[in-house]
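The structure under discussion appears below in the form of structure tokens.
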């Protein structure tokens, strides 16, 4: 009976946690707003705004949809809000046109960004003259541009319309706001976050910003998670704890993001590092299958999602706009706090000193109770201390071995699954993860203790006592990890508090009843209900966030290994203090039969259509295909090579295998890009961004019969060269072309780049090519198409002579000119299966030596 009831209870708890995790409030309607006497977010209006904002399709920076339509929509909407605002407020709206440069020190592929005419819609709300106003501002930031080919309803239209409604609600009611609020609708985030940078470095009010809230999206729907804060300003967490109605925040997410395990960036980095402001980073992050695809459309965003975000953001904004801390935030600088919510009901936050005290106290108490249990066993069972300690040590060894073996088995399964070509079978059918990776690990957690008890007889302890030692051994492992993580400064160590605290509480009760046979088990199980509930919710979050990311990751990495590792970790938290109890089942063979059948059934299903990773419109496979023209010029200006081609950039483990099966022309005529990478600078292809070079071994190209049509042709000219010294030559250039271009600058051997237009000093090189440094410049202009004029200073280590000193590859990208795509390109993309989402646009490369 218990073999059925206990799993049923566990499954019931999981679905209860999932229901709590996925339940969102009903959207407030415009009709209901008529009865409001204080600010309350109205989802219906925000949803209507989202419909309008997305009605023109993708809002790629530089396009009319972004630079004209979206800007006009935002300005007109804000002006309408101003007309209905309370007279105690002064509200202004302006369109900032920002230009500037910056450096992104990304590993192996650093980027120098150089931009102009990027548009931000900047709205300020302050109390009028005579009212209390500190002169400081809280900044709210969201970007209104979208990724190429994507309508951007989620990313970041959702947060844009949420900000509009927050502005409206605050403006309607007179409140004693101590600080002003800046609503920054920034017009360029998708291409290296220029909009936020332009505000930070170019807007006069930037010097008065005290703190910020960044709002972004990597998914469509669900809850927004607060996944980054500070850094080092825990008062922000205190306000979130006080004002968020339905908190969803976790320092685990912050540490995972900062480790680089999430393949995304947000404006948070720019605002916190360039602006040097404390802030919070919010994002929709669960089930991000449609992120940056054509399916990120209005229909995917519900009013419930908007209501949930607004219900948290509106009171938080009001609270921070009255915060004393914003008068002088530096006074409140402390270590980064530990923070987490419990089932979205309430939030807990505490600083590092408290974390050390709590973690160490819990560890000491837990160890003390284990020791107390051992002493009780000596007294009650009549065994000597040495025998009990020996049994404790062996139990710890067996339990640790079971964990290691279980993890190893799960990882081996992941390797085998990948070898047989069935990786990511759980991408759509996520429940397959349970059979593939949870089941083997849990089976090993049970198998180790069962074999030990089955084949090693101990006369001085009954089986229940021996199982209790295994439970204590598991708790000891948690304690060891807790202390290790605490000493290492890992705030996510708080996760280990749940199993340790509740095991300790039930141990105290059981010590009081002297571990009465059978009854102590029910006490222990009761104590595991809260940890089990919490970790069910956390498991849902982990997989909802990370599974979609495997569809836009590194094709060289086996994503099943990551999922297996996550499954092992989640299983350890979920059943680490439950699995040993299974040994007490009278017919344990049925347990192993059941888990064996689950594993076999999962494997069989994995090979059916259910295990195929991708589905149209819900869980699509991603492809980037570019129609390119390439021209290579010799030093004397003659054309040494040219041609048109199609370029395939990989996004997941199944690239290009599935494409080769579905579109045979790719398999028949394409070739790996890597074959050309030694011959030409960065393979001789117009990479959208320099880090595309990282995937050169998995990228493919094939010849095209037609050249792409470029509505704005490229003109790249050397206008002058001048010998500055006996070893330094200055080259001046003029460049015209698309709104987004990139320069790959590589001084030939014996030469060095020592000066240029784009920054005061020369940043580090990216991955070298042919022994030469490579410097990448991202050029963006949002409105104008005026020529770029720039210079390069090249120094020769052996003195100036005739001959080339530097090679430059110019890459130009045409992201929003679908009407100019040639028929051959259109026909190729039409051959893509329905389950594939294809981002396709033309690019141009010009390679010259100077």
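Cβ atoms are placed via backbone N, Cα and C, with glycine included.
Owing to the predicted nature of the structure, the values given are computational and were not obtained by experimental measurement.
What TrEMBL lists as domain 'Peptidase M28' is 120-315.
Annotation comment: TrEMBL describes 396-605 as domain 'Endoplasmic reticulum metallopeptidase 1/1-A TM'.
Feature annotation from TrEMBL assigns domain 'Endoplasmic reticulum metallopeptidase 1-like C-terminal' to 618-846.
Per TrEMBL, the feature transmembrane segment maps to 353-376 (among others). Residues of the same chain lying 6 or more positions beyond the ends of the transmembrane segment (353-376) and with a Cβ under 8 Å from any Cβ of it are 335, 338, 385, 388-389, 392, 468, 472, 475-476, 478-479, 482-483, 486, 491, 493-494, 497, 500-501, 503-504, 507-508, 511, 514-515.
According to TrEMBL, the transmembrane segment annotation covers 388-417 (among others).
What TrEMBL lists as transmembrane segment is 429-455 (among others). Tertiary proximity for the transmembrane segment (429-455) is limited to same-chain residues at least six positions away from its ends with a CB under 8 Å from its CB atoms, namely 394-395, 398-399, 401-403, 405-407, 409-410, 413-414, 417, 463, 466-467, 470, 543, 547, 560, 563-564, 567-568, 570-572, 575-576, 579-580, 582-583, 588, 591-592, 595-596, 598-599, 601-603, 605-606, 610-611.
Positions annotated as transmembrane segment by TrEMBL: 467-487 (among others).
Per TrEMBL, the feature transmembrane segment maps to 493-513 (among others).
Long-range contacts of the transmembrane segment (525-549) within its own chain (CB-CB distance under 8 A, at least 6 residues past either end) are made by residues 6, 10, 13-14, 16-18, 20-21, 219, 222, 225, 250, 252-253, 262-263, 285-289, 291, 342-344, 426-427, 430, 433, 495, 498-499, 502-503, 505-506, 509, 562-563, 566, 570, 573-574, 577-578, 581, 619. Marked as transmembrane segment by TrEMBL: 525-549 (among others).
Positions annotated as transmembrane segment by TrEMBL: 561-583 (among others). Packing against the transmembrane segment (561-583) from elsewhere in the chain are residues 6, 10, 399, 403, 406-407, 410-411, 413-415, 418, 426, 433-434, 436-438, 441-442, 445-446, 449-450, 453, 463, 467, 470-471, 474-475, 477-478, 495, 498-499, 503, 521, 524-525, 528, 531-532, 535-536, 538-539, 542-543, 546-547, 550, 591: each is 6 or more residues past its ends and has a CB under 8 Å from a CB in it.
For the transmembrane segment (590-612), the residues of the chain that approach it from at least six positions outside its boundaries are 3, 417, 422, 425, 428-429, 432, 434-436, 439-440, 442-443, 446-447, 582, judged by C-beta separation under 8 angstroms. Annotation comment: TrEMBL describes 590-612 (among others) as transmembrane segment.
Residues 374, 377-378, 381, 423, 425, 436-437, 440-445, 447-449, 452, 456, 458, 460-461, 466, 469-470, 472-474, 476-477, 558, 560-561, 563-565, 567-568, 571-572, 580, 606 of the same chain lie 6 or more positions beyond the ends of the transmembrane segment (388-417) yet place their CB under 8 Å from a CB of it. For the domain 'Peptidase M28' (120-315), the model gives a mean pLDDT of 93.
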